[in-house]
Amino acid sequence: MDRGAVVGFLLGVCVVSCLAGTPKTSWRRVSVGEDVSLLPAPGPTGRGPTQKLLWAVEPLDGCGPLHPSWXSLMPPKQVPETVVDAACMRAPVPLAMAYAPPAPSATGGLRTDFVWQERAAVVNRSLVIYGVRETDSGLYTLSVGDIKDPARQVASVVLVVQPAPVPTPPPTPADYDEDDNDEGEGEDESLAGTPASGTPRLPPPPAPPRSWPSAPEVSHVRGVTVRMETPEAILFSPGEAFSTNVSIHAIAHDDQTYTMDVVWLRFDVPTSCAEMRIYESCLYHPQLPECLSPADAPCAASTWTSRLAVRSYAGCSRTNPPPRCSAEAHMEPVPGLAWQAASVNLEFRDASPQHSGLYLCVVYVNDHIHAWGHITISTAAXYRNAVVEQPLPQRGADLAEPTHPHVGAPPHAPPTHGALRLGAVMGAALLLSVLGLSVWACMTCWRRRAWRAVKSRASGKGPTYIRVADSELYADWSSDSEGERDQVPWLAPPERPDSPSTNGSGFEILSPTAPSVYPRSDGHQSRRQLTTFGSGRPDRRYSQASDSSVFW
């Protein structure tokens, strides 16, 4: 068998074993330099004549001291667990593989075991590590499978390698006390059991190995925990039918109801990109300037404008978890794409290169991201790797005029409807303000002029000129008798002259002959001559005495 194929097979089995559950987990502490035997293989199950045994390890030497504690992840059941930071863990490493009973090889011999570590061996169907070191601390797993069936993980053990205890030095002559004989004579009988003179004083017994203090129980009492498993890539040939293999498990730790949204996003993968970068910080803060305009925009998955598909669950709780709670699904109309039954997976029918892209599956619980994963779906020829970046992307330069004559500037985004409406409202308000100010100024000026005219007339200072008709409207009122004036028919229209005036405007101006037109004196009113001019016949004069009340 080709060694590369064997290594690839073992790595695949190791990954599968790490993702699978661990039905049996134990803890073991050893000291540096010991020979350790781990994970004995179970007996034959009768499912096949030959079994594959795979031992692997996930190094935990960079995670600091570890100790188990009772955790209530699924109340009321309690299991021993430990909290390990994912940043300190390394990829699983295969240690050894064996066949039980030995299987025939392609060369005619028997395939027994393969070992990839110098200090590891398979002895009596168990993994043996000679002279363990502190760097050997980790999670060791055993996976068992038949020749034609995938391996399944059956046992695991957490191995913690502690420093070796300091050996006790043998006693030396300096440890003997020369004065023990003299002091022993006067001692009380109660000390008769003490060592006699000349006996070396033994050092105190070594302290027992330090035991890790029992940690308090770890229990999640509130919130929801979401666990997601997604394949990182799916390769297809045009015309095939396949579906995404996404597994989502939600565990509620209290009796509160919650809503869960499973959102699918899609990003195009340009052929000019060597790889796609997923900026995890932008998933939680998509409106940051760095996420809106990253420097590597064509090859970055930082922000999105639309959702490909959404399946929402409402009214979920600990006793009614998804998918049993009320569900509602929406999907953009894409040919050849549909939901896989009532699950959260996508189903591709008659797949084509247009379906290729980077797909993100994001789980929201009460509008907050709780888990997410990505899948690269493409043909083998157009496959591009996806890398997850923790920091924010570099911010791209602002859009500016092109510096090269043959390179066009990217088109500016059209203004939004909200900006247009805001501009129209502001313009209308400004125009109405200008019109209102103009009307107010005109009214103010007109009122001031009218007030000045009324005030000058009412003051009685200086002459006042009025316009009257040029006809003899008051010919019958020239009598000095007050009684005659009382008999004048006021409501009768005045008699118009026989021949209208042709030299004037039809009106006459009364010119006063004294500083005051109607001077007053005690007991009587004086009469003054009024001269008309500018109309009718210039040789005609009318002498008229009247009270000032005639004009005002």
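Backbone N, Cα and C define each Cβ position, glycine as well.
Features reported for this protein in Swiss-Prot:
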- C273-C299: disulfide bond (DISULFID)
- C282-C291: disulfide bond (DISULFID)
- C316-C325: disulfide bond (DISULFID)
- Y176: sulfotyrosine (MOD_RES)
- 63-88: region 'Interaction with gI' (REGION)
- 162-216: region 'Disordered' (REGION)
- 237-382: region 'Fc-binding' (REGION)
- 396-415: region 'Disordered' (REGION)
- 472-497: region 'Interaction with VP22 and UL11' (REGION)
- 478-552: region 'Disordered' (REGION)
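What Swiss-Prot annotates, mapped onto the structure for a quick look.
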{"residue": "C273", "record": "disulfide bond", "Cβ within 10 Å": "15"}
{"residue": "C282", "record": "disulfide bond", "Cβ within 10 Å": "22"}
{"residue": "C291", "record": "disulfide bond", "Cβ within 10 Å": "20"}
{"residue": "C299", "record": "disulfide bond", "Cβ within 10 Å": "18"}
{"residue": "C316", "record": "disulfide bond", "Cβ within 10 Å": "23"}
{"residue": "C325", "record": "disulfide bond", "Cβ within 10 Å": "19"}
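Broken down with DSSP, the region 'Fc-binding' (237-382) shows 15 helix, 66 strand, 65 coil.
Nearest to C282 (disulfide bond) in space, judged by Cα atoms and limited to the disulfide-bonded residues C273, C299, C316, C325, is C299. You'll find the Cα of C316 (disulfide bond) roughly 33 Å from the Cα of C291 (disulfide bond).
Looking just at the region 'Interaction with gI' (63-88), the mean pLDDT is 64. Taking CA atoms as the reference points, C273 (disulfide bond) and C291 (disulfide bond) are 18 Å apart. In this structure, the C-alpha atom of C325 (disulfide bond) lies 35 angstrom from that of C291 (disulfide bond).
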